[in-house]
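Engineer: My structure is below; once you've seen it, I'll send some questions.
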Amino acid sequence: MSGQTSTLISNIGELMTQDAEHRVLKDAAVVIEGERISWIGPASEAPSADEHVDAEGRAVLPGWVDSHSHLIFAGDRTAEFEARMAGQRYSAGGIAVTTGATRAASDEELTRLAAGRVAEAVSQGTTYLESKTGYGLDLENEARSARIAAATVDEVTYLGAHLVPAGADAEEYTDLVCGPMLDAVRPYVSWADVFCERGAFTEDQSRRVLTACRDAGLGLRVHGNQLGEGPGVQLAVEFGAASVDHVNYLSAADIEALAGTWGGWDASTGTGTRGTVATCLPACDLSTRQPLAPGRALIDAGVQLALAANCNPGTSYTSSIAFCVTTAVLQMHLSVHEAVRAATYGGALALGRESGNDVDGERAVGSIAVGHRADLHMLKAPSATHLAYRPGIPLTFAVWRAGVREV
Ligand SMILES: N=CN[C@@H](CCC(=O)O)C(=O)O
Ligand SMILES: [Zn+2]
């Protein structure tokens with residue numbers, strides 16, 4: 001063993017690895033060394049370590065990988081939520097309310113709020129998070145949002161193309177998003193996204209944004225098919241986006257197109273050419289009273305799925321991935337293993353951080369295997385099934401993030 005502190009977690013009732021072989025081990029143990037996993041196997045064969053944690057039969061999963069959130073904001077949209085619960089439809093226009101509050105907040109306030117949301121997520125088992133910009137909507141505030149996000153979360157996505165701000169011309173604003181605003185955020189971000197939807201950005205504007213961001217070297221993601229059928233999914237496929245998110249309204253052709261992107265992928269080994277992940281956001285679907293995304297049909301068609309919380313003030317003010325997993329099992333007809341996989345490995349895949357194409361696993365999150373980041377979630381339960389069997393019960397018992405015990 002190296003000079004780093006090692007921790008043996010033994011007596012694990014169920015170790016759901018979500019590794020390449022989809023292994024679920026009983027009576028297992030894990031050794032963490034520094035920030036990585038150095039050993040997994042039967043508890044009876046575990047090596048000794050500097051520290052020892054007795055899991056007392058509890059289940060251990062990879063930490064949740066939340067691949068879709070909007071954490072850089074100030075303000076509150078309770079009134080909009082109440083109106084929606086009274087029958088009003090969600091529309092993209094509500095974003096402007098948050099933009100006003102976000103622009104008015106100081107750097108310190110935005111940082112404090114974002115860090116608080118990250119802490120809330122980690123306390124519930126999330127160990128790897130993405131956040132988007134998208135409530136600044138001018139050059140200065142998008143750059144500021146990107147800078148704060150880069151200091152707060154693991155992966156940052158540029159979403160200048162979230163809404164055309166009040167008073168702006170849509171074509172001129174799209175030029176700004178594709179030009180000077182992109183240059184300003186570029187040092188802080190590795191992904192770009194566009195809200196391709198009625199009331200937000202048209203197909204043509206979305207295509208311009210995706211082209212400029214791809215040319216700037218950013219990985220791509222798309223908010224698509226959230227409020228109705230539309231071009232989002234097909235655009236994501238055309239541009240080879242890492243994920244298309246929401247996917248509530250899909251035609252048979254959309255599902256077929258997404259499945260086609262996974263033709264060069266070997267799902268049993270997690271190797272080959274990555275396609276476009278379909279990211280389902282069930283908490284958002286419930287909070288906006290949209291139909292749940294057809295996760296079952298997507299998996300059956302061969303599409304790789306992610307589940308994410310989409311924490312934001314408008315459509316999904318929660319960071320609870322457990323709630324998403326519960327809903328995916330109870331309402332979307334995923335098995336517990338599929339739902340947990342989508343919320344761990346699937347999120348990592350959507351962020352290019354799964355291990356398949358990375359032989360030594362150095363960058364890998366979202367699965368438990370030797371060499372991967374030690375992101376572990378121990379449940380107050382003997383199996384992951386309890387996430388669905390005991391809906392609403394806070395089941396997080398312990399969390400390690402990059403080898404550090406956080407809960
Ligand atoms: N759909 C677009 N963006 C966010 C909601 C933004 C808002 O309403 O503030 C989402 O992912 O749901
Ligand atoms: Zn979103």
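Each residue, glycine too, has its Cβ placed from N, Cα and C.
Unlike curated records, TrEMBL annotations are generated automatically.
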Engineer: Which one, Thr5, Thr7, Thr17, Thr315, is listed by TrEMBL in the same 4-imidazolone-5-propanoate site as Arg77, Tyr135, His162, Gln226?
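Structural biologist: Answer per TrEMBL: Thr315.
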Engineer: Determine, to the nearest whole angstrom, how far the Cα atom of His162 (4-imidazolone-5-propanoate binding site) is from the Cα atom of His70 (Zn(2+) binding site).
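Structural biologist: Between the alpha carbons of His162 (4-imidazolone-5-propanoate binding site) and His70 (Zn(2+) binding site) there are 11 Å.
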Engineer: If you measure from the Cα of Thr315 (4-imidazolone-5-propanoate binding site), which of the binding-site residues His68, His70, His223 is the nearest?
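Structural biologist: Nearest candidate: His70.
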Engineer: Measuring Cα to Cα, how far is Tyr135 (4-imidazolone-5-propanoate binding site) from Asn312 (N-formimidoyl-L-glutamate binding site) in Å?
Structural biologist: 10
Engineer: Does any of Arg77, Tyr135, His162, Asn310, Gly314 have a Cβ within less than 6 Å of an atom of ligand 2? These are the binding-site residues; tell me which, or none.
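Structural biologist: The binding-site residues passing the 6 Å Cβ test are Asn310.
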